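Working notes, structure below.
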Amino acid sequence: MLIRHAPDLTDNDVTGHGLYLRRRDFIGGAAGLGLMAAAGSASARGLTYGPGFSTTEAPTPKKDITSYNNFYEFGVNKEDPSENAGSLKTRPWTVRVDGECEKPATFAIDDLIKGNKLEERIYRMRCVEGWSMVIPWVGFPLKDLIAQVKPTSKAKFVAFETLMRPSEMPGQRWDTLQWPYREGLRIDEAVHPLAILAVGLYGDVLPNQNGAPLRLVVPWKYGFKGIKSIVRISLVETMPATAWNVLAPREYGFYSNVNPAVDHPRWSQATERRIGEFRRRETLPFNGYGQYVADLYRGMDLKRNF
């Protein structure tokens, strides 16, 4: 069950001792990675809690979130990212935002952290493979970054691109997917307040294996839509190609909304295995966020537009 909308609560209403400690740890972790400017800004602003969209479900243990991952740039097995992602250098790092906009710009990752109001969002994550987690992300709304570049009326979609650096991302040396990894959203999906760019989890700086230093989180969609280690965001007029849709278009659609009524060709999507639980649980339409996002797809055939 989701708790109240953000306007109904203030940070003071919900900030307990545990959140305070995670806030402090995140600031300290950021400083430890050379983010002194960002850390100072975070200290002044505080890390706010986004209660309006956060679930009350217990978060998955951090050790599971950081050791059970899909990140094919570091290998195809679940343990590969945590074992191999240490080779990735996340500083210096820039993100180019361009395309159909009035003010294209290149942002240093530290400036993005410093210049945006960071929130903790506790979201469900449902993998297309049939397992799920609950993850306490730290990030900021994607719409805030898009607004900075002033999109034009031609901006109908948003395309995302991961870093291409085979020397540090060994999985890119193999043609498992068409590299670099690409993803996309419709513009109205991208500016929905649920969609965030994450820079941390559990109050700490985002681990490499979870998509450092910047990843997309779209909780009503299957996890592979959450592109990791982003270096480019482009506002475009036509639907962009996406990695898994290019590889297997009959199995992975562009939208990839969580839908228990639409099975993967090789397995059911009706239930899921929550990491750490024994029994399977029913999968919720839109991963339980339908009250917020279902109107985006009003009148669409969701089986055809999977």
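Every residue gets a Cβ built from N, Cα and C, even glycine.
According to Swiss-Prot, the protein carries these features:
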SIGNAL    1-44  signal peptide
BINDING   ASN69, TYR72, GLU73, CYS127, THR162, ASN210, ARG215, GLY226, ILE227, LYS228  Mo-molybdopterin binding site
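Sequence features, as recorded in Swiss-Prot, placed on the structure.
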residue : record                        : Cβ within 10 Å
ASN69   : Mo-molybdopterin binding site : 24
GLU73   : Mo-molybdopterin binding site : 28
THR162  : Mo-molybdopterin binding site : 23
ARG215  : Mo-molybdopterin binding site : 23
ILE227  : Mo-molybdopterin binding site : 25
Max Cα-Cα distance in Å among ASN69, TYR72, GLU73, CYS127, THR162, ASN210, ARG215, GLY226, ILE227, LYS228, the residues listed as binding Mo-molybdopterin?
19
